[in-house]
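Feature list (source: TrEMBL):
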{"type": "DOMAIN", "residues": "1-359", "note": "domain 'FMN hydroxy acid dehydrogenase'"}
{"type": "BINDING", "residues": "TYR24, TYR129, ARG164, HIS254, ARG257", "note": "glyoxylate binding site"}
{"type": "BINDING", "residues": "77-79, SER106, GLN127, THR155, LYS230, SER252, 285-289, 308-309", "note": "FMN binding site"}
{"type": "ACT_SITE", "residues": "HIS254", "note": "active site, proton acceptor"}
Amino acid sequence: MEITNVSEYEAIAKEKLPKMIYDYYASGAEDQWTLKENRNAFSRILFRPRVLVDVSKIDTSTTVLGFKISMPIMVAPTAMQKMAHPDGEYATARAASAAGTIMTLSSWATSSVEEVASTGPGIRFFQLYVYKDRNVVAQLVRRAERAGFKAIALTVDTPRLGRREADIKNRFTLPSHLTLKNFEGLDLGKLDETNGSGLASYAAGQVDRSLSWKDVKWLQTITHLPILVKGVITAEDTRLAIQAGAAGIIVSNHGARQLDYVPATIMALEEVVKAAQGRIPVFLDGGVRRGTDVFKALALGASGIFIGRPVVFSLAVDGEAGVRKVLQMLRDEFELTMALSGCRSLKEITRNHVVTKWDHPRVAPRL
């Protein structure tokens with residue numbers, strides 16, 4: 001049976017992967033309300049398509065931090081991809097590069113920055129967790145720079161790991177043949193069996209809970225790479241991120257894996273976009289499974305989106321070819337949505353192309 005949309009990969013991945021690994025990728029925090037809401041909120045945004053526009057030529061390309069990419073659809077950082085497929089991050093890197101888009105490598109990858117760089121050309125960002133030992137952080141950032149990574153995505157919503165009950169039940173741990181490659185040989189403790197989630201206890205031992213806005217400034221003293229702040233969902237933090245010198249914001253609730261009952265990222269997006277006032281680009285991750293979702297995010301002011309779970313599930317099912325197909329399907333759907341909405345380029349996608357159920361009812365926007 002041919003796979004015709006992104007969501008179909010998840011069901012196949014569930015059959016294929018060991019329960020502990022599938023649950024690690026699929027689950028959210030606590031009641032998983034936000035996990036469901038990240039998807040459901042998109043269905044509360046409807047289109048206002050414009051017709052009789054010449055859409056014979058459509059351009060999905062854009063620039064992110066000055067880098068030209070084929071589409072506003074990028075790969076989010078997801079940890080430990082070799083649990084999904086032996087090629088892990090190598091396959092994802094090659095697929096993103098082939099699609100002409102950006103891959104973000106997780107700090108907690110099962111392939112190192114150098115290994116991922118060795119797959120060939122491509123625009124890559126590095127996601128950073130700030131460890132208690134700042135020398136480790138500085139070293140890692142320098143290695144990412146040397147390996148040709150173009151930006152740092154600083155995760156700011158994880159002073160502690162969220163309560164992911166599936167991982168506690170499964171006593172989640174990294175399979176013994178795999179390691180967190182970026183930290184190999186650094187004697188930082190292991191991701192081992194515990195009586196709960198092995199990842200939660202590893203994070204508790206390593207990740208710096210004292211991380212604050214001054215550390216965003218500190219990071220700029222050790223790297224010239226632009227810093228994207230990942231995990232902002234309020235106007236207040238948007239203004240602080242700009243003050244701290246962030247080059248961009250990724251509106252993210254960590255795939256609903258941290259604090260449950262935060263809004264869906266698509267619901268939080270406009271608040272952040274308005275507070276940013278066009279001074280820095282705002283991106284979104286969380287819940288994107290369709291080209292229509294991409295269009296909705298752009299209409300609400302995002303400069304691009306990142307996908308996480310669709311990458312690991314398609315990787316599990318079909319390796320590099322699976323990830324390529326997911327990126328291609330999303331691009332095709334997005335291009336079709338643009339055509340059917342009367343938009344020939346990203347700059348033609350406006351707030352007037354969507355209506356949200358939380359807009360004032362029955363009032364057409366002034367054009």
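Cβ atoms here come from the backbone N, Cα and C positions, even for glycine.
The structure displayed is predicted, hence computed values, not measured ones.
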Legend entry - Subset of binding-site residues (TYR24, ARG164, ARG257) lying within 10 A of LYS230 (FMN binding site), CA to CA, in sequence order: none
Legend entry - Using Cα positions only, nearest of the binding-site residues to ASP285 (FMN binding site) (TYR24, TYR129, ARG164, HIS254, ARG257): HIS254
Legend entry - Length of the line joining the Cα atoms of PRO77 (FMN binding site) and HIS254 (glyoxylate binding site), in Å: 10
Legend entry - From ALA79, GLN127, ARG289, the binding-site residues whose CA lies within 10 Å of that of HIS254 (glyoxylate binding site): none
